[in-house]
């Protein structure tokens, strides 16, 4: 009887245990794993192994779930460390304030107040420390294979440190670039290339090919300057752009990329000139113009290289942003996406030169260094017009997508701004191709309207300036730069550089000692410089708005969502 009672109790307890297991497994009926992008798989596969026969979570879902949980634990641990630091700094502040008080008043009042602080919840509570210990235990067990040192290292990610070798190679490449520029100038002077018969052909056909890389180098230099001043004035650009921790490029790394590309480009130009002037290489002269094509292939190969070299994380981040721009409005628009699209609007001449690459090499014009037939084609001119308006059309679609998502009703006005710019670009392009007084007046009118519209939006909406009743008259309440005059100078420079379109409308195509093609490149460079100035103040305003409107936080998505709104 006693044995039978035990067996009955055991059977009953087993039944209860199985029922509890069924209830716990029933929780999974309401759980759905959100599928994002693929990541590594470790512990979640084991966590759901008992339910594998009933609930089919594929590897992709498990990998994504693990990545999200890992990132959520890291972010949670970081916030706990911030809370602990906040508590310590407040206690330290109490101590220093009271010591200062005792010193200035010659009273010994600090002991009584500090005793109160010691007994307060701020000092006595250990909830944060316990939570940190719990997070560390879970993280070490599931995400570092029990390796305590590795787990703590992953949780306490150290700030990125600058490497001396980056500075060293940046200096080397900058020196090489300067030496190559001097060598090119001397070669042009000694060989009297400016007075040679092939000068016009070279400037018309070869110079645009190399100017592509010049535009990229200039944009990198402007971005390096942006990063330097963002860091100096504590603009949290890495948070705003959503870079992964410790992967953002500092200004030294950006300068390294820019100076490295500069060395490659200048070396290619020098070798091209040498081969072009070599009288013993006449038979192979048709191959000299293949040098810029080879350089373009090298640059694209590095940009799309799948191996972890040359800042792969940042390269793929850039490629992803460009892809989102191309696929607009299919993707939800984020700040990096529309910031990248804004950069593309300042590189219209670069895209036109890439079109010329296709024309020059696709039609075989490089063999004779003649592109008149290609450029005279109506198809070429029509494609050139389409290429010029694509970046603005992308921004227009992004504004409409943000309006559709309900983010900001002012995006409708912003979309109209880009439509006005498209109208101005189309009018100027038609005037450049067809001429005529009517087209000139249309181009002039459209350009004036677009310039006023864009300038107002730059200064008032993007930069947040021209607030008449602010603490800083005609600026805004909060400024990061110490001198207000810098903002006024930046506004004036922005307006002046926005008037670069006048070169087309008023037919400023020739200038003393400057070839027509070089003048076009100069105007395009001024737009890139304007964009670099715009970048700094745009992100400064975004940073201040994030703080002022309490948007300076990061929400880490968890991998599970519960169906039917049931709480578990």
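Every residue, even glycine, has its Cβ placed from backbone N, Cα and C.
Looking at the stretches 445-461, 462-478, 513-529, the one that TrEMBL records under the feature transmembrane segment is 513-529. According to TrEMBL, the feature transmembrane segment maps to residues 251-270, out of the candidate ranges 111-130, 131-150, 231-250, 251-270. Listed by sequence, the residues of this chain that lie at least six past the ends of the transmembrane segment (209-230) yet keep a Cβ under 8 A from its Cβ atoms are 237, 249-251, 254-255, 257-258, 261-262, 264-265, 268-269, 289, 292-293, 295-296, 299, 343, 346-347, 349-350, 353-354, 356-357, 360, 521, 524-525, 528-529, 531-532, 535-536, 539-540. Beyond the ends of the transmembrane segment (251-270), by six or more residues, the same chain brings 162, 166-167, 169-170, 173-174, 176-177, 180-181, 183-184, 187, 210, 213-214, 216-217, 220-221, 223-225, 227-228, 231, 291-292, 294-295, 298-299, 310-311 to within a C-beta distance below 8 angstroms of the stretch. A Cβ distance under 8 Å defines the sequence-distant neighbours of the transmembrane segment (290-311), meaning residues of its chain 6+ beyond its ends; these are 206, 209-210, 212-213, 249, 253, 257, 261, 264-265, 268, 271-272, 275, 319, 357, 361, 366. Averaged across the domain 'EXS' (375-568), pLDDT for the predicted model comes to 87.
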